[in-house]
């Protein structure tokens with residue numbers, strides 16, 4: 001099983017950012033969460049690895065199940081931080097601004113988390129060098145992140161997430177800070193990863209980028225799912241709202 | 001200038017350097033512990049650390065030295081205890097006062113540096129399944145320590161100069177020898193100018209050392 005989400009909702013103060021969201025994703029699919037800014041897609045993505053916690057609903061991901069209740073003394077417990085850690089080791093995340101640790105070299109960025117979690121250093125190094133080679137960054141292993149271009153930093157961030165061999169990989173606007181030529185490198189990497197069978201969820205507002213990677217699409221507006229389906233929806237949208245969004 | 005004062009003054013240099021080094025190291029260890037307490041929000045201890053900071057940053061170092069040296073002698077309970085051999089030594093009392101004073105200022109400095117580490121560093125740790133403690137110890141503290149080094153360099157120099165106050169509780173450091181020489185010769189201008197120049201030279205050397213360290217640990221921010 002991949003990911004199943006039931007009736008998730010979330011408010012910040014009086015503002016409800018997600019309203020009763022339900023969807024499911026099968027293993028190995030690349031799902032794009034599409035929508036304009038403020039639609040709630042990043043919040044939704046961050047819930048999938050519990051960086052945000054929902055007010056209500058259930059979440060099944062990577063063979064773990066979570067139920068959320070806000071302000072209710074029910075028998076069901078909120079996820080503990082230990083469970084959250086366990087989940088995040090199976091659900092990797094790539095951020096819009098890369099979030100590399102600036103005081104560590106590229107190689108150190110890659111091996112830090114796996115070594116902490118029990119991988120032996122030589123093994124971690126070997127794996128890191130393999131991933132860097134796959135990303136075309138072998139010569140950057142000992143460079144500082146700040147000396148790399150945006151596209152290179154993004155590839156390091158993807159390699160870092162892959163170090164833990166996650167079952168699911170989440171991307172939050174991975175191309176928003178990159179110029180169009182570099183965007184195609186990210187497309188190639190995502191398509192290559194899809195061939196390797198990893199489940200991916202990608203948040204973006206760029207239709208062209210979405211078309212190139214998606215096997216499924218979920219279109220959100222104002223915290224609600226307006227349309228969802230296979231990639232064919234890009235050519236045959238079923239709602240006016242999604243059709244309008246695709247045109248601009 | 002009468003150069004024959006110099007060998008006499010330099011007799012105190014060892015004590016000054018030793019006092020500075022031990023106070024700094026003790027203060028540093030305490031400051032790291034205090035910073036961890038504040039960052040992990042250990043409830044009861046947080047309160048104690050905040051009190052320590054309030055007392056030691058809010059009062060003059062000279063008063064702290066006097067209270068630690070003269071204070072415990074007023075209590076028979078302390079005079080009969082096992083720590084009295086330590087607390088009755090001026091060297092230990094001066095070291096303790098300097099260490100606690102330095103710990104208070106350094107804790108503020110380190111906590112500030114940790115708070116200044118961008119949220120994104122934390123978020124990346126969380127997303128890779130680290131616990132709060134792992135993130136703090138393995139990623140956030142090392143980053144913050146590098147950022148804090150320039151300010152901590154100033155603290156090193158302040159402790160070195162502050163150690164001169166130890167002469168007020170009979171310790172024969174550089175300042176102690178200068179004061180005695182002055183009392184013997186009344187050659188005030190020469191004696192204290194020479195002592196001042198020795199302190200200035202030490203500050204110069206320390207500044208160069210700190211610059212060198214900054215150059216190494218902040219290499220990542222220069223590209």
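Cβ coordinates come from backbone N, Cα and C, glycine included.
According to TrEMBL, the features are:
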{"type": "DOMAIN", "residues": "B:13-210", "note": "domain 'ABC transmembrane type-1'"}
{"type": "TRANSMEM", "residues": "B:20-40", "note": "transmembrane segment"}
{"type": "TRANSMEM", "residues": "B:47-69", "note": "transmembrane segment"}
{"type": "TRANSMEM", "residues": "B:89-110", "note": "transmembrane segment"}
{"type": "TRANSMEM", "residues": "B:156-179", "note": "transmembrane segment"}
{"type": "TRANSMEM", "residues": "B:191-212", "note": "transmembrane segment"}
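Counting Cβ pairs closer than 8 Å and at least 6 residues apart in sequence, the transmembrane segment (B:89-110) and the transmembrane segment (B:191-212) reach fewer than three and form no contact. Outside the transmembrane segment (B:20-40) by six or more residues, the chain places 46, 49-50, 52-53, 94-96, 98-103, 106-107, 109-111, 114, 132-133, 136, 140-141, 156, 159-160, 163 with a CB less than 8 A from a CB of the stretch. Away from its own ends, the transmembrane segment (B:191-212) comes close to residues 1, 5-6, 9-10, 13, 16-17, 149-150, 153, 156-157, 160-161, 164, 174-175, 178, 181-182, 185 of its chain (Cβ-Cβ under 8 Å, at least six residues beyond either end).
Beyond the ends of the transmembrane segment (B:47-69), by six or more residues, the same chain brings 34, 37-38, 87, 90, 93-94, 96-98, 100-101, 103-105, 107-108, 162, 165-166, 168-169 to within a C-beta distance below 8 angstroms of the stretch.
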